[in-house]
Every structure is written in structure tokens, then in C-alpha cells.
Amino acid sequence: MIKITFPDGNFREYEAGITGWDIAGSISPRLQQDVLAAGVNGQVWDLHRPINEDAEVKLFKWDDAEGKHAFWHSSAHLMAEALEELYPGIKFGIGPAIENGFYYDVDPGEGISIKDADLPAIEKRMQDLAARKETIIRRDIAKADALRMFGDKDDQYKVELISELADGTITTYTQGGFTDLCRGPHLPNTGYIKAIKLLSVAGAYWRGDEKRKQLTRIYGISFPKKKMLDEYLELLEEAKKRDHRKIGKELELFAFSQNVGAGLPLWLPRGTQLRLRLEDFLKQIQKHFGYQQVITPHIGNKNLYITSGHYAKYGQDSFRPINTPQEGEEFMLKPMNCPHHCEIFKITPHSYRDLPIRLAEFGTVYRYEQSGELHGLTRVRGFTQDDAHLFCRPDQLKEEFCKVMDIIFIIFKALDFKNFEAQISLRDKVNREKYIGSEENWERAERAIIEACEEKGLPAVIEYGEAAFYGPKLDFMVKDALGRRWQLGTIQVDYNLPERFDLEYTGEDNKKHRPVMIHRAPFGSMERFVAVLIEHTAGKFPLWLTPDQVVVLPVSERFNEYAHRVAKELNQRDIRVQVDDRNEKVGRKIRDNELKRIPYMLIVGENESREEEVSVRKQGEGDMGIMKITTFAELIEKEVDDMISAWRKDYQN
């Protein structure tokens, strides 16, 4: 008999060779119906894989990320099986599960292309194969046999992948007449897949290398129920309406120019106003928390990034070094701000009394992204991080960590991100040798993060083995208005850079000590954060943040002068206002400015100009009646003051 321990600490004994499927059935028929994969001692297994020794077991359903992963991974194989039947001789690259669905990179063959118009036929074949409920079989075979198998099919991509694996056994999965190289896990059979939608076709270079062949990437998604697919497709349609690229163009926030270069956004006047207000908002909070603003160059000597380790990590993702013709020095576009901040810390000797030192910068950094990977503001080649680096004593780590968490909470509240969760990334429990820093420092840092989350009442998932080699971290994932998860806000403890840059302070014992470094970026990057904010709000920004708070609409040209007088009076009270004095009917002006998401519209005509009044319309609410100009101005000022006071109160308490 073997002992199976469950997540709640309870255990049962079973015959050796029991499977996750059998364990689920021993608990309840409903669980056996819903379970998709099994966690065995921290690894995700197929449900029908035998368990032959004592183990900790967790059963994963659709609501678990591991369950979805197995489901979508099997769906990728189902698509590959359909493609092999429809396109004889097709070659396969990789086909993973991703956050929302799956894809497969394929080479259809010389002169053959797969386009969006072909997706319905592929989808139909997948549905037919799923209906057969083909058993998915896992096999362990020798590496030589795997090379022979895929070599006989002339599948050079699989042969290349297998050649790079260590000698020994290779895992394959078979369903029907299709076999694929794969670690798994997978569903028991294809019948679990009830609803399928292939979404799009794109190009992708083999192994991400622009010098290699461009393959065809087919994206799809699948569900265990048709109703789930219908709901997802509705969500997808709403997401298209909220696409930050579409709204950014409509609101004239940002643009791209091929003459400037792909992945290099141009911030237009209205977008610049929005971004600067976000920056000012964070600067006010940082000032309260004792941060000092710094500015560093856009380039740095290559040796700086060799010292920091960023050249080794980001060298392939960086633009080529800039060579000075006379001195022969090499400079790089800055890939990260932290090495520069370390150099600022080193300029002045520090005592233990000086710490913590908090350096903040809206610093622009540059990474080379392949053109096919660029996407609006969320994936660019030049972006500005709301970066800060804190240098503190080990005994100050927890307190400083809590304060950074407070800053992130204030930002999320002010911008209406109500639903968020956190992940604590800690060391691998077993392989400790791959981490730098003393055991004592690591334990202190990990304990500080866990206790900080407990003190703040923040539920957090702990992931072992996810920490960087130089320290543990806390990541925040927010859910937007459509329920999509975005990673926003990171707090990272770092023992590496203080060592690399030989940072030190004089302790109370008059000896030299290493500071602990904290990296933090609540927004992450301004570009990506603005993209998420646009899609979360559908471009309807809070009144304190929106580029234009008011637009004045004269009903005819006769009242343009009065409209500009109203605008001038509001401008004098720091209310952001525009005048739409186009020679158009007022109904057209109202519709156009509704699309621009301007919160308030003031309509002025004969009566309003005579009485020194305005007719007020609020975005999404309609007519608010006639008001004196001063009354309306006071209404705006109070609404903004109430919003600002709410988040100021949070950090002043």
C-alpha cells in the first residue's frame, strides 16, 4: 500500500499503481467527472499515469491553472492531428498552452499557406476528432528511437529539438494516428474538448530567430462546455472595443511612425497630459514616503552593464553598442536603470544612520524586440519605467517592503483596480546552490515578504523556485473590467547588485556592511500601464486624470465668442477645457465628443449667453440642467478635490 496525502493534510492508503483518475473516483463521482490533471509531489501528471510510491497529491479541475494548461495543451495536439490529416507532409515546431488558449507553429510546406479563411475547416476537423474520444497515450522511448521516428517523417524541427535533449528516455504522446514529442501532461482523451475556436494566423520565426525560417502560428482556444466558449467570444468582442490601440487613436493619445521606427511610441499632446499626470501623481506619493528624484543618461558604458550582469542577460535583446570613433569606447542604450542608481549610491560615503536611501526615476530604457512581437504600447522597444531603488539595512527590509506595498495599494485604489492578487516568489526548496547571498539573508528576506503580506492582509500565492537568483520578490496581478489578469507592480529584493558594485555603508560597529537593495516599479512601465488603464476604463478616465475635463459646444457660430469666454474662465481655475467651434449641428458635436470620452459638455446658445450660464451634460448620464459658470466650476473642483483627497488621505495617515 502507498500513502496519498492531500492538500488539507488528510491522507488515504491505496494500492501501488493507483492513478489520479482512480483517486478522484474514490472521493466522489462528480470530482472524477470534473478532474483534468493531477499534481504529484509538485509535478503535474496525466490522470492515468500510475503512482507507485507515497506522494502528496492535488487534483486539478478547470478552475485551476494547471487544469486549463493540460486542457489547452491537449487542444494544441488535437489541432496538430487535424492539420496532419488536412495537410499531408506538414512539419511541426512547438505547440504550447498559453495564458488564454494555445498555438502551434507549423511549416505547411513549399508553396502552401494557411490563412484565416482556412481556420473553419481545421476547426471542423478538430471537432470530428474530438467526438471520437481518442485515448491520449503517454510513452517513454529511447532518444535514438525518437530521432528515428521523427527523422522518418522528415520533421526536421522535432529532430532538432530531440537532438538537444540529454541522452536517455524521451516522452511522446499519441492520439489516433498522430504522435508528438511532448513532456505532457494531457487529458485522458480528446472527448473532453467540447468547444473549439481557432482565432488567428500569424508568422513566427523558428525558435524566435529572425535568421531562421518563418513558420505559420495558429492560435486557438477551447472549453469543456459550449456556453463557456460563447461567453469568451462575447468577452473577446468587448475587448476589441476596448483595444488601447483603437481608443488611443480615437482619443489622440499616442501614435507610431515608421519614419521614427517600429516600437517607438510618439506621445501626442493629450496622451502626454495623461502620462504627466500619472507621473506627478506618483511623485507626490513618493515625496511623502521620502524618495529622492534622480535623472540618469539614456546610454551607459558597456562595462557598466557587464558589471551589473545585464549585458549577459539582455545582450541579445539590446541594440548594438555605439562606438566612439576616437576613444574606441562602447556605449549601450540603457536596458535598465538600476546600475546607474548603484553608481549614484557609491558617489557618497554612507553611515548606517543615512539608510534607507530611496532613489526614484522615470527612466527610459531600450530593448530590442522582434517586429512580430511588437504590440501597441504593451510591447515596445523604448519604454519608461517608474523605477525606484531602495538601499537599506537588513533590519529595515520588512518596514521598507511594507511601505512600497502601501504605495501600490494607493495607486490601485486611485485608479479603480479593485481586484488584484499577489504572488510571492521564493527559492527552490531543494536546489539552494543556484542562489547568491547568505542563508541568513535569504531567510530574513523571505520571512519579511511573507510577514509583510500577512500584516497588510494581502492574500498571496507562494511559488517555490520562482525567485530570481539574487533575491525573492512579490508580484501584483490586477484584474481589469473584463476580468483579464495583468501583471502590474513588482517589488524585488536584491543581494546581487550590492555585491557586483561593491556597495557598502559603515555600520554601528564602525565596520563596512553591504546594504540590501529593493527594486520597485508600481506601474511597471508607463507605456504598458497606460495601455492597461485605457482598456480597463474603456478610455473613460477619472476626472482628475483625464486630458480634457470639459468641452464647450456653441450651438452656432454666433455664440463662439461666448464659448471661448466660458473656456477662458474655466481655464483660469485650472479646469482643462476645449471649445468645439466647428460649423456643425450641436447634435453632431455631442455625438463626436461622447466618442472622445470627455466627462462634461457645456452647451451654450442664446439663453445661456444672455444669462451668463451653461447647459451641462455629463458623459454617460445626460442632461444635468442649467448652471452659472461659477457653480459648474465649483462642481468640477469639488469632484476632483474629493478624488484627490481620498488617495492623499491614504498615504498621509
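Backbone N, Cα and C atoms are what each Cβ position is placed from, and that goes for glycine too.
Note that the structure is a prediction, hence the values are computed from the model and not measured.
Swiss-Prot annotations:
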{"type": "DOMAIN", "residues": "1-61", "note": "domain 'TGS'"}
{"type": "REGION", "residues": "243-542", "note": "region 'Catalytic'"}
{"type": "BINDING", "residues": "Cys338, His389, His519", "note": "Zn(2+) binding site"}
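Location within the structure of each feature annotated in Swiss-Prot.
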residue : record              : CB count, 10 Å
Cys338  : Zn(2+) binding site : 22
His389  : Zn(2+) binding site : 26
His519  : Zn(2+) binding site : 24
Secondary structure content of the domain 'TGS' (1-61), with strand meaning DSSP E or B: 14 helix, 23 strand, 24 coil
DSSP state at Cys338 (Zn(2+) binding site), helix/strand/coil: helix
